[in-house]
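Feature annotations, reproduced from TrEMBL:
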BINDING   Glu49  Ca(2+) binding site
TRANSMEM  50-68  transmembrane segment
TRANSMEM  80-98  transmembrane segment
BINDING   His97, His277, His281  Zn(2+) binding site
TRANSMEM  118-136  transmembrane segment
TRANSMEM  192-210  transmembrane segment
TRANSMEM  216-233  transmembrane segment
TRANSMEM  245-263  transmembrane segment
TRANSMEM  278-298  transmembrane segment
Amino acid sequence: MDINCSIYDIYEIIAKGVSVEELYTFGVFCLEWKVDCLASGVLSQLLSEFFNTISNVPCILLALIGLINALRQRFEKRFSVLHVSNMILAIGSMLYHATLQHILEEHFSPCLIRSRSSLPTCVFTGGCLIVVARLRESSTHGKYTRENIHFSYFEDLQQQGDETPMVWEMLLYFYILYSPDWHYRSTMPTFLFLYGVGFAIVHALLRFGIGFKVHYVILCLLCIPRMYKYYIYTEDASAKRLAKLYVATLFLGSICWLADRLFCKEISGWYFNPQGHALWHVLMGFNSYFANTFLMFCRAQQREWDPKVVHFLGFFPYVKIQKPKGQ
(Lines of atoms letter the chains of each structure in order from A and count residues from 1; the text may use other names and numbers.)
(Lines give C-alpha, C1' and ligand atoms only; values in the text may rest on other atoms or scores of the structure.)
Protein backbone atom coordinates (compact mmCIF):
# COMPACT_ATOMS: atom_id res chain seq x y z
CA MET A 1 0.00 0.00 0.00
CA ASP A 2 1.48 3.29 -1.09
CA ILE A 3 0.82 6.14 1.35
CA ASN A 4 1.40 9.71 0.33
CA CYS A 5 2.46 11.74 3.35
CA SER A 6 0.20 14.70 2.74
CA ILE A 7 -2.28 15.71 5.40
CA TYR A 8 -5.25 15.15 3.09
CA ASP A 9 -4.17 11.62 2.16
CA ILE A 10 -3.89 10.70 5.84
CA TYR A 11 -7.42 11.99 6.37
CA GLU A 12 -8.58 9.72 3.54
CA ILE A 13 -6.75 6.73 4.99
CA ILE A 14 -8.43 7.21 8.37
CA ALA A 15 -11.81 7.58 6.65
CA LYS A 16 -11.26 4.18 5.00
CA GLY A 17 -10.82 2.59 8.38
CA VAL A 18 -7.11 1.82 8.24
CA SER A 19 -5.98 0.85 11.72
CA VAL A 20 -3.34 2.70 13.68
CA GLU A 21 -1.18 -0.44 13.58
CA GLU A 22 -1.22 -0.32 9.78
CA LEU A 23 -0.24 3.33 9.88
CA TYR A 24 2.77 2.39 12.00
CA THR A 25 3.97 0.14 9.19
CA PHE A 26 4.31 3.11 6.90
CA GLY A 27 6.17 5.22 9.41
CA VAL A 28 3.32 7.50 10.37
CA PHE A 29 3.87 8.76 13.89
CA CYS A 30 1.04 8.19 16.32
CA LEU A 31 0.00 10.60 19.02
CA GLU A 32 -2.67 9.37 21.39
CA TRP A 33 -5.16 11.79 22.92
CA LYS A 34 -6.14 11.32 26.53
CA VAL A 35 -9.92 11.66 26.42
CA ASP A 36 -10.70 11.28 30.13
CA CYS A 37 -11.12 14.99 30.78
CA LEU A 38 -11.99 14.76 34.45
CA ALA A 39 -9.21 12.32 35.28
CA SER A 40 -6.54 14.26 33.41
CA GLY A 41 -7.63 17.68 34.62
CA VAL A 42 -8.47 18.96 31.15
CA LEU A 43 -11.80 20.41 32.31
CA SER A 44 -10.03 22.58 34.87
CA GLN A 45 -7.47 23.62 32.28
CA LEU A 46 -10.17 24.52 29.78
CA LEU A 47 -11.65 26.87 32.36
CA SER A 48 -8.21 28.35 33.01
CA GLU A 49 -7.62 28.88 29.30
CA PHE A 50 -10.96 30.70 29.10
CA PHE A 51 -9.82 33.12 31.81
CA ASN A 52 -6.35 33.33 30.23
CA THR A 53 -8.02 34.40 26.99
CA ILE A 54 -10.42 37.07 28.27
CA SER A 55 -7.82 38.44 30.70
CA ASN A 56 -6.01 39.97 27.71
CA VAL A 57 -9.00 42.22 26.97
CA PRO A 58 -8.01 44.91 29.55
CA CYS A 59 -4.59 45.22 27.92
CA ILE A 60 -6.18 45.76 24.51
CA LEU A 61 -8.64 48.33 25.83
CA LEU A 62 -5.98 50.21 27.79
CA ALA A 63 -3.66 50.27 24.79
CA LEU A 64 -6.53 51.52 22.63
CA ILE A 65 -7.19 54.35 25.10
CA GLY A 66 -3.50 55.23 25.07
CA LEU A 67 -3.45 55.16 21.27
CA ILE A 68 -6.47 57.47 21.01
CA ASN A 69 -4.87 59.90 23.46
CA ALA A 70 -1.55 59.83 21.58
CA LEU A 71 -3.24 60.49 18.24
CA ARG A 72 -5.66 63.10 19.56
CA GLN A 73 -2.89 65.20 21.13
CA ARG A 74 -0.44 64.53 18.29
CA PHE A 75 2.26 62.82 20.33
CA GLU A 76 5.23 61.46 18.42
CA LYS A 77 4.48 58.40 16.30
CA ARG A 78 6.70 56.20 18.45
CA PHE A 79 4.02 56.22 21.16
CA SER A 80 1.28 55.26 18.73
CA VAL A 81 3.42 52.35 17.57
CA LEU A 82 4.07 51.42 21.19
CA HIS A 83 0.36 51.23 22.02
CA VAL A 84 -0.30 49.23 18.86
CA SER A 85 2.48 46.80 19.80
CA ASN A 86 0.81 46.30 23.19
CA MET A 87 -2.43 45.40 21.40
CA ILE A 88 -0.67 43.02 19.01
CA LEU A 89 1.03 41.25 21.90
CA ALA A 90 -2.27 40.87 23.77
CA ILE A 91 -4.07 39.60 20.67
CA GLY A 92 -1.29 37.05 20.06
CA SER A 93 -1.65 35.84 23.63
CA MET A 94 -5.43 35.60 23.20
CA LEU A 95 -5.05 33.49 20.07
CA TYR A 96 -2.61 31.15 21.77
CA HIS A 97 -4.87 30.54 24.76
CA ALA A 98 -8.18 30.59 22.84
CA THR A 99 -7.03 27.83 20.48
CA LEU A 100 -6.09 25.64 23.49
CA GLN A 101 -2.56 25.06 22.21
CA HIS A 102 -1.12 24.71 25.72
CA ILE A 103 -3.59 21.93 26.55
CA LEU A 104 -3.01 20.11 23.27
CA GLU A 105 0.74 20.18 23.83
CA GLU A 106 0.49 18.93 27.39
CA HIS A 107 -1.79 15.98 26.65
CA PHE A 108 0.13 14.38 23.82
CA SER A 109 1.10 10.81 24.66
CA PRO A 110 3.51 9.69 21.93
CA CYS A 111 3.83 6.00 21.14
CA LEU A 112 7.31 4.53 20.86
CA ILE A 113 7.48 3.10 17.37
CA ARG A 114 10.11 2.13 14.84
CA SER A 115 9.85 4.39 11.83
CA ARG A 116 11.47 3.97 8.45
CA SER A 117 11.48 7.71 7.83
CA SER A 118 10.68 10.98 9.54
CA LEU A 119 7.32 11.59 7.91
CA PRO A 120 6.04 15.09 8.74
CA THR A 121 2.68 13.88 10.04
CA CYS A 122 1.19 13.24 13.44
CA VAL A 123 -2.10 11.49 14.07
CA PHE A 124 -4.50 11.89 16.99
CA THR A 125 -6.05 8.46 17.42
CA GLY A 126 -8.63 9.76 19.87
CA GLY A 127 -10.04 12.67 17.92
CA CYS A 128 -8.72 11.94 14.42
CA LEU A 129 -7.03 15.32 14.42
CA ILE A 130 -4.07 15.73 12.07
CA VAL A 131 -1.22 18.01 13.03
CA VAL A 132 1.81 18.75 10.89
CA ALA A 133 5.04 18.31 12.82
CA ARG A 134 8.68 17.72 12.08
CA LEU A 135 10.48 14.91 13.87
CA ARG A 136 13.94 15.64 15.16
CA GLU A 137 16.86 13.49 14.16
CA SER A 138 17.94 11.45 17.14
CA SER A 139 20.17 8.60 18.18
CA THR A 140 17.22 6.43 19.19
CA HIS A 141 17.39 4.34 15.99
CA GLY A 142 13.98 5.27 14.69
CA LYS A 143 12.22 5.49 18.04
CA TYR A 144 10.72 8.81 18.99
CA THR A 145 9.63 10.04 22.37
CA ARG A 146 7.96 13.27 23.49
CA GLU A 147 11.39 14.83 23.94
CA ASN A 148 12.34 14.04 20.34
CA ILE A 149 9.24 15.55 18.76
CA HIS A 150 9.44 18.99 17.27
CA PHE A 151 5.95 20.46 17.80
CA SER A 152 6.37 23.01 15.03
CA TYR A 153 2.72 24.07 14.89
CA PHE A 154 2.38 24.81 18.58
CA GLU A 155 5.81 26.35 19.08
CA ASP A 156 5.54 28.49 15.95
CA LEU A 157 2.18 29.82 17.13
CA GLN A 158 3.57 30.75 20.53
CA GLN A 159 6.84 32.14 19.19
CA GLN A 160 5.53 34.21 16.30
CA GLY A 161 2.31 35.28 18.01
CA ASP A 162 3.67 35.95 21.48
CA GLU A 163 7.42 35.71 22.04
CA THR A 164 8.67 37.58 18.95
CA PRO A 165 6.32 40.56 19.57
CA MET A 166 7.55 40.61 23.18
CA VAL A 167 11.10 41.22 21.95
CA TRP A 168 9.99 43.81 19.40
CA GLU A 169 8.11 45.65 22.12
CA MET A 170 11.18 45.75 24.36
CA LEU A 171 13.28 47.08 21.47
CA LEU A 172 10.71 49.85 21.06
CA TYR A 173 10.89 50.67 24.77
CA PHE A 174 14.69 50.74 24.46
CA TYR A 175 14.41 53.22 21.59
CA ILE A 176 11.97 55.51 23.43
CA LEU A 177 14.10 55.50 26.57
CA TYR A 178 17.52 56.06 25.01
CA SER A 179 16.92 57.90 21.73
CA PRO A 180 16.57 61.42 23.24
CA ASP A 181 20.26 61.39 24.24
CA TRP A 182 21.51 59.58 21.14
CA HIS A 183 23.53 61.90 18.91
CA TYR A 184 23.24 59.90 15.68
CA ARG A 185 19.50 59.85 15.01
CA SER A 186 19.40 57.22 12.28
CA THR A 187 21.87 54.79 13.85
CA MET A 188 19.76 53.50 16.74
CA PRO A 189 16.46 52.92 14.89
CA THR A 190 18.33 51.25 12.02
CA PHE A 191 20.22 48.94 14.37
CA LEU A 192 17.12 48.09 16.41
CA PHE A 193 15.09 47.42 13.26
CA LEU A 194 17.73 45.08 11.85
CA TYR A 195 18.09 43.41 15.25
CA GLY A 196 14.33 42.85 15.45
CA VAL A 197 14.11 41.41 11.94
CA GLY A 198 17.17 39.22 12.52
CA PHE A 199 15.77 37.93 15.78
CA ALA A 200 12.42 37.09 14.18
CA ILE A 201 14.13 35.09 11.42
CA VAL A 202 16.44 33.19 13.77
CA HIS A 203 13.63 32.64 16.27
CA ALA A 204 11.45 31.15 13.54
CA LEU A 205 14.16 28.64 12.67
CA LEU A 206 15.54 27.80 16.11
CA ARG A 207 13.93 27.03 19.46
CA PHE A 208 15.68 28.95 22.21
CA GLY A 209 13.79 27.61 25.24
CA ILE A 210 15.45 29.08 28.31
CA GLY A 211 17.61 31.16 25.98
CA PHE A 212 14.62 33.29 25.02
CA LYS A 213 13.80 33.99 28.66
CA VAL A 214 17.40 35.00 29.41
CA HIS A 215 17.48 37.21 26.33
CA TYR A 216 14.20 38.89 27.27
CA VAL A 217 15.33 39.50 30.86
CA ILE A 218 18.54 41.12 29.58
CA LEU A 219 16.51 43.50 27.39
CA CYS A 220 14.35 44.40 30.40
CA LEU A 221 17.39 45.01 32.59
CA LEU A 222 18.90 47.31 29.97
CA CYS A 223 15.80 49.53 30.21
CA ILE A 224 15.76 49.81 34.01
CA PRO A 225 18.64 52.32 34.48
CA ARG A 226 17.09 54.87 32.11
CA MET A 227 13.62 54.35 33.58
CA TYR A 228 15.06 55.04 37.04
CA LYS A 229 16.85 58.14 35.74
CA TYR A 230 13.55 59.49 34.40
CA TYR A 231 11.95 58.81 37.76
CA ILE A 232 14.52 60.66 39.87
CA TYR A 233 14.53 63.65 37.49
CA THR A 234 10.75 63.91 37.51
CA GLU A 235 9.40 66.31 40.12
CA ASP A 236 5.70 66.01 39.35
CA ALA A 237 4.03 63.95 42.09
CA SER A 238 1.34 62.54 39.78
CA ALA A 239 3.93 61.36 37.28
CA LYS A 240 5.97 59.74 40.05
CA ARG A 241 2.79 57.97 41.16
CA LEU A 242 2.51 56.46 37.67
CA ALA A 243 6.03 55.07 38.00
CA LYS A 244 5.18 53.61 41.42
CA LEU A 245 2.03 52.00 40.01
CA TYR A 246 4.18 50.55 37.23
CA VAL A 247 6.52 48.94 39.77
CA ALA A 248 3.63 47.74 41.96
CA THR A 249 1.77 46.04 39.10
CA LEU A 250 5.01 44.49 37.86
CA PHE A 251 5.73 43.09 41.33
CA LEU A 252 2.21 41.74 41.88
CA GLY A 253 2.05 40.34 38.36
CA SER A 254 5.37 38.54 38.83
CA ILE A 255 4.10 36.96 42.06
CA CYS A 256 0.95 35.73 40.28
CA TRP A 257 2.97 34.33 37.38
CA LEU A 258 5.48 32.56 39.63
CA ALA A 259 2.78 31.13 41.89
CA ASP A 260 0.87 29.77 38.91
CA ARG A 261 4.06 28.43 37.36
CA LEU A 262 5.48 26.76 40.47
CA PHE A 263 2.35 25.65 42.33
CA CYS A 264 -0.10 25.04 39.50
CA LYS A 265 -1.08 21.50 40.56
CA GLU A 266 -1.57 22.45 44.20
CA ILE A 267 -3.62 25.56 43.35
CA SER A 268 -5.77 23.58 40.90
CA GLY A 269 -6.95 21.46 43.82
CA TRP A 270 -8.22 24.45 45.80
CA TYR A 271 -11.93 25.09 46.12
CA PHE A 272 -11.34 28.53 44.56
CA ASN A 273 -8.68 28.89 41.89
CA PRO A 274 -7.40 32.51 41.75
CA GLN A 275 -6.26 31.99 38.13
CA GLY A 276 -2.76 33.39 38.63
CA HIS A 277 -1.85 33.42 34.95
CA ALA A 278 -5.00 35.36 34.06
CA LEU A 279 -4.32 37.84 36.88
CA TRP A 280 -0.82 38.25 35.48
CA HIS A 281 -2.32 39.20 32.10
CA VAL A 282 -4.59 41.80 33.70
CA LEU A 283 -1.84 43.29 35.86
CA MET A 284 0.61 43.42 32.96
CA GLY A 285 -2.01 45.22 30.88
CA PHE A 286 -2.17 47.95 33.52
CA ASN A 287 1.60 47.76 33.91
CA SER A 288 2.14 48.53 30.22
CA TYR A 289 -0.37 51.38 30.34
CA PHE A 290 1.27 53.00 33.39
CA ALA A 291 4.72 52.64 31.79
CA ASN A 292 3.55 54.15 28.50
CA THR A 293 1.78 57.04 30.22
CA PHE A 294 4.83 57.81 32.36
CA LEU A 295 7.09 57.79 29.29
CA MET A 296 4.67 60.06 27.43
CA PHE A 297 4.85 62.52 30.34
CA CYS A 298 8.66 62.43 30.40
CA ARG A 299 8.92 62.91 26.65
CA ALA A 300 6.44 65.80 26.71
CA GLN A 301 8.51 67.37 29.47
CA GLN A 302 11.64 67.07 27.30
CA ARG A 303 9.80 68.77 24.44
CA GLU A 304 8.51 71.50 26.80
CA TRP A 305 4.86 70.71 26.10
CA ASP A 306 3.76 71.53 29.66
CA PRO A 307 2.49 68.00 30.45
CA LYS A 308 0.04 67.28 33.24
CA VAL A 309 -1.30 63.99 34.54
CA VAL A 310 -5.07 64.31 34.69
CA HIS A 311 -7.64 61.71 35.64
CA PHE A 312 -10.71 60.75 33.69
CA LEU A 313 -13.70 60.44 36.06
CA GLY A 314 -11.29 61.18 38.89
CA PHE A 315 -9.57 57.82 38.54
CA PHE A 316 -8.13 56.96 35.15
CA PRO A 317 -4.75 58.70 34.52
CA TYR A 318 -3.64 60.09 31.18
CA VAL A 319 -1.28 62.83 30.01
CA LYS A 320 -2.59 66.18 28.82
CA ILE A 321 -0.19 68.50 27.00
CA GLN A 322 -0.16 72.08 25.78
CA LYS A 323 2.01 72.43 22.69
CA PRO A 324 3.43 75.84 21.75
CA LYS A 325 1.81 77.41 18.72
CA GLY A 326 3.38 76.24 15.50
CA GLN A 327 4.11 72.71 16.65
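Keep in mind that glycine also has a Cβ here, set from the backbone N, Cα and C atoms.
Rounded to a whole value, the Cα-Cα separation of Glu49 (Ca(2+) binding site) and His277 (Zn(2+) binding site) is 9 Å.
Reduced to three states, the DSSP call for Glu49 (Ca(2+) binding site) is helix.
For the transmembrane segment (80-98), the list of distant contacts is 49, 52-53, 56-57, 59-60, 62-64, 66-67, 70-71, 157-158, 160-162, 165-166, 168-169, 172-173, 176, 281, 285, 288-289, 292, 295: same-chain residues at least six beyond its ends, Cβ to Cβ under 8 Å.
Counted over residue pairs separated by six or more positions, the transmembrane segment (278-298) shares at least 3 Cβ pairs under 8 angstroms with the transmembrane segment (50-68), which defines the two as touching.
In this structure, His281 (Zn(2+) binding site) is part of a helix by DSSP. Within 10 Å of the C-beta of His277 (Zn(2+) binding site) we count 20 further C-beta atoms, all protein chains included.
Here the transmembrane segment (245-263) has Cβ contacts under 8 Å with residues 274-277, 279-280, 283-284, 286-287, 290-291, 294 of the same chain, all six or more residues outside its ends. Apart from the site residues His97, His277, His281, the chain places the Cβ of Glu49, Phe51, Asn52, Thr53, Ser55, Asn56, Ser93, Ala278, Trp280 no farther than 8 Å from the centroid of the site's Cβ atoms, the recorded Zn(2+) location.
All protein chains shown were included, and the count of other CB atoms within 10 Å of the CB of His281 (Zn(2+) binding site) stands at 26.
Ranking the binding-site residues Glu49, His97 by other CB atoms within 10 A of the CB puts Glu49 at the bottom.
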